[in-house]
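Listed features, source Swiss-Prot:
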| type | residues | note |
| --- | --- | --- |
| BINDING | H81, H83, H251, D326 | Zn(2+) binding site |
| BINDING | H81, H83, H251, D326 | Fe(3+) binding site |
| BINDING | R90, Y153, H186, Q254, T331 | 4-imidazolone-5-propanoate binding site |
| BINDING | Y153, N328, G330 | N-formimidoyl-L-glutamate binding site |
Amino acid sequence: MQPTPFSSLSSADGCWTGLRLAQGLFIPDVAVPDDALSCVVVQGGTVRWVGPVAAVPPAFAALPRHAGGGALATPGLVDCHTHLVYGGHRANEFAMRLAGASYEEVARAGGGIVSSVKATRAASEDELFAQALPRLQALLDEGVCAIEIKSGYGLALEHERKQLRAARRLGEACGVTVRTTFLGAHALPPEYAGRSQDYIDLVCREMLPALAEEGLVDAVDVFCERIAFSLAETEQVFQAAQALGLPVKLHAEQLSDMDGARLAARYGALSCDHIEHLSAEGIAAMKAAGTVAVLLPGAYYTLRDTHLPPIQALREAGVPMAVSTDHNPGTSPALSLRLMANMACTLFRLTVPEALAGITTHAARALGLQDTHGLIAAGRPADFVLWPFAEAAELAYWFGHQPPQAIVRQGRVVQR
C-alpha cells in the first residue's frame with residue numbers, strides 16, 4: 001500500500017510509519033532500539049499501538065500507511081498558562097520598563113492589569129474572540145494541542161463571563177483542547193479601590209458560583225502578591241472553589257515570598273506558577289501535594305528579572321516542572337512555546353529533557369490532563385506532531401520560524 005501525502009489527509013487513522021521517537025521522554029513502556037524507526041497506529045482518532053515498524057501487529061496491516069520519512073514525533077505541545085483573551089495591548093508599558101519602571105511602578109501608575117481591564121470591558125465577546133483567534137492560531141501552528149486560557153481582565157461578572165465564553169468558543173472553532181481558568185482575583189478593579197474584602201466577597205459569593213453553574217470554569221486561580229491579594233484573601237477564594245469541586249492553582253511567589261505555595265499545596269493545587277521567590281518550605285509542600293511548578297521565562301525576560309526560580313532545589317525534590325508562554329499583553333506577549341523552552345534552558349538552566357517534558361508531560365499534569373495529553377501512548381487521543389529534526393534537542397535549540405511537518409490534533413490531520 002502506497003503512503004498517503006499528509007496534505008491530502010483529514011482523518012489521522014492509519015499506520016504512521018518511519019518515525020523517530022525520543023525514548024524515555026515521550027513514550028512510556030515502549031522499547032524501541034535506538035537505530036530503529038517506529039510506528040504510531042491510529043484508529044477512530046485514538047492511538048492504538050506504538051512500537052518498532054518491524055513489529056506492527058498483523059491486525060493493523062490493512063490500515064492506510066502514512067510515511068514519516070524519519071521525522072521526529074512528539075506529543076502535541078501543551079501551553080498550560082495563558083491569558084490569551086483580552087482587549088487591546090500594552091506596548092506603551094514596554095517603553096516605561098525600558099526607562100526603568102518596575103512591574104509594581106507600572107501598576108501603580110495605572111498601567112498593568114488594570115489597563116487591560118479597561119480595554120477588555122470595552123470590547124464585546126465577539127471582538128474578544130476575533131482578537132484572540134490569531135494569537136491562538138500562532139500557537140497551534142507551532143504544534144500546541146492543548147492550552148489553558150484564563151479570565152482575569154474583566155473583574156466583573158459580565159466581563160469575566162465574556163472572556164470565558166470567548167475561550168470556550170476558541171476551542172470549538174479551532175478543534176483544540178481548551179481548559180478555562182477563572183482568575184477573577186487577578187487585580188482589584190478601580191471601583192473597589194480600598195475595598196479588597198468586598199471584592200473578594202463578590203468573587204466568592206457571586207462571580208465564581210454563577211460562572212461555574214454555566215459550565216465555564218475548569219479551574220480557579222488567584223494572583224497572591226503584595227500588589228494583588230493577600231494570603232487570607234487567596235484562601236477565601238480557594239475555599240469557594242473547593243466547595244464547588246473545582247481544582248485550584250496559584251500565581252505564587254513571583255515578586256516576593258508570600259508563602260502562597262504552601263497554601264496552594266494544602267488545597268491540592270494543580271500548579272504554582274512563576275515561583276521565582278519560592279522557599280524551601282514551599283517546595284516541600286508542593287512535592288507532598290503533587291503540585292506542578294510552572295516556569296514562565298517569558299515574563300522573567302520581559303521584566304528583566306534577576307531572581308531565578310530555585311531550579312536545582314525543585315529538581316532535587318522531584319517536583320515536576322512545566323514551562324509555559326504566560327501569554328499576556330503586558331509582561332509576556334509571547335506566541336512561541338518552543339521559544340519558552342529555549343529560554344527555560346538558557347535562562348533557568350533546565351536540561352533539554354526537562355524543558356521538553358515541561359511543554360508536554362508536566363504541562364498536561366498542570367492542567368489535570370495527564371491521562372489524555374502530553375504522551376504518545378496506546379489508548380490516548382491522537383495528538384502528536386512531526387518535526388523536521390534529527391534529534392529531540394533541536395526542539396529547544398532552534399528558535400524562530402521552524403514549522404512542524406505535520407500536526408495531528410484530536411485525531412485529525414491539521415491542514416495549514
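Using the three backbone atoms N, Cα and C, a Cβ is placed for every residue, glycine included.
Projection of Swiss-Prot feature records onto the structure.
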residue: H81; record: Zn(2+) binding site; DSSP (3 states): coil
residue: R90; record: 4-imidazolone-5-propanoate binding site; DSSP (3 states): coil
residue: Y153; record: 4-imidazolone-5-propanoate binding site; DSSP (3 states): coil
residue: H251; record: Zn(2+) binding site; DSSP (3 states): strand
residue: D326; record: Zn(2+) binding site; DSSP (3 states): coil
residue: T331; record: 4-imidazolone-5-propanoate binding site; DSSP (3 states): coil
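Counting every protein chain shown, the number of other Cβ atoms lying within 10 Å of the Cβ of N328 (N-formimidoyl-L-glutamate binding site) is 24. Taking the centre of the Cβ atoms of H81, H83, H251, D326 as the Fe(3+) site, the nearby residues of that chain (Cβ within 8 Å, site residues left out) are T82, K150, D273, H274, L296, A299, S324, H327, N328, S332.
In this structure, the C-alpha atom of H251 (Zn(2+) binding site) lies 14 angstrom from that of N328 (N-formimidoyl-L-glutamate binding site).
Apart from the site residues Y153, N328, G330, the chain places the Cβ of H83, Y86, R90, G112, I113, S116, G152, P329, T331 no farther than 8 Å from the centroid of the site's Cβ atoms, the recorded N-formimidoyl-L-glutamate location. Cβ neighbour count for D326 (Zn(2+) binding site) (all protein chains, 10 Å cutoff from its Cβ): 27. Cα-Cα distance from N328 (N-formimidoyl-L-glutamate binding site) to Y153 (4-imidazolone-5-propanoate binding site): 10 Å (rounded to the nearest whole number). Looking only at the binding-site residues H81, H83, D326, G330, the one with its C-alpha closest to H186 (4-imidazolone-5-propanoate binding site) is H83.
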